[in-house]
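Reviewing the structure listed below.
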């Protein structure tokens, strides 16, 4: 297993419980989408898998290691094997895009190479290749504060693609993108995960994107798993129940009606990592 959570819970110092009794596992190369209303615990779940949150109860294993039972040095080594795409990528505003992407390997390269790359980028071609996959190659030498929110998100994805981690986690990676770029970006994440047989876990606001690109859907509600099902078994009724606390229908990226979301899930995945023309 690439990761396993057994009855894992997370409680904060103020007593608020973010996750409750989460049992979840993924095998090598398995893509999983996590959906649910705001405050359901999606980000907390990803942070738990990234080993940036420690469980208050239960057991966590990531890449065949127990993060909280190893030394600080081994924990740092484990974290270098995990790639995290943030909704708002943590990049210094004045940092160049090329440097931001190469930072994906700072924990892997020798210290001297990491330090030198901050001044003289060590692999300009490699960074450019990842940007080109996301149609952003022309911004390689721009500063991060010159980019839009969606462009910054693509830089964050490019950094993880360049890192080549053994576990890819993505927290709302396309929330600032239009439907065309969102599909392009998720397609590249899927392609990377499929090609290298590494697990990909992404939290997504848009239900239609989750069903389009991921064969397994985990629904979170109030910090608990509401369902864990193949995409083709996620029905409109399940989605309405999951989002019952929100005033609107389950959120979608485009104009697709809720009644057509689950019906098209099986055809959208089927091993093909190209989006259907209707969404482009």
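Placed from the backbone N, Cα and C atoms, the Cβ positions cover glycine too.
Quick look at what Swiss-Prot lists:
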type	residues	note
DOMAIN	3-247	domain 'ABC transporter'
BINDING	36, 37, 38, 39, 40, 41, 42, 43	ATP binding site
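This view paints the features noted in Swiss-Prot onto the structure.
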residue	record	Cβ contacts under 8 Å, 6 or more apart
36	ATP binding site	42, 219, 220, 221, 226, 242, 243
37	ATP binding site	221, 242, 243, 245, 246
38	ATP binding site	246
39	ATP binding site	222
40	ATP binding site	220, 221, 222, 223
41	ATP binding site	10, 18, 19, 220, 222, 223, 224
43	ATP binding site	171, 203
Three-state secondary structure, which DSSP defines for residue 39 (ATP binding site): coil
CB-centroid shell, 8 A cutoff, ATP site 36, 37, 38, 39, 40, 41, 42, 43, site residues removed: 203, 220, 221
Cβ neighbours of residue 42 (ATP binding site) where a neighbour is any other Cβ within 10 Å: 24
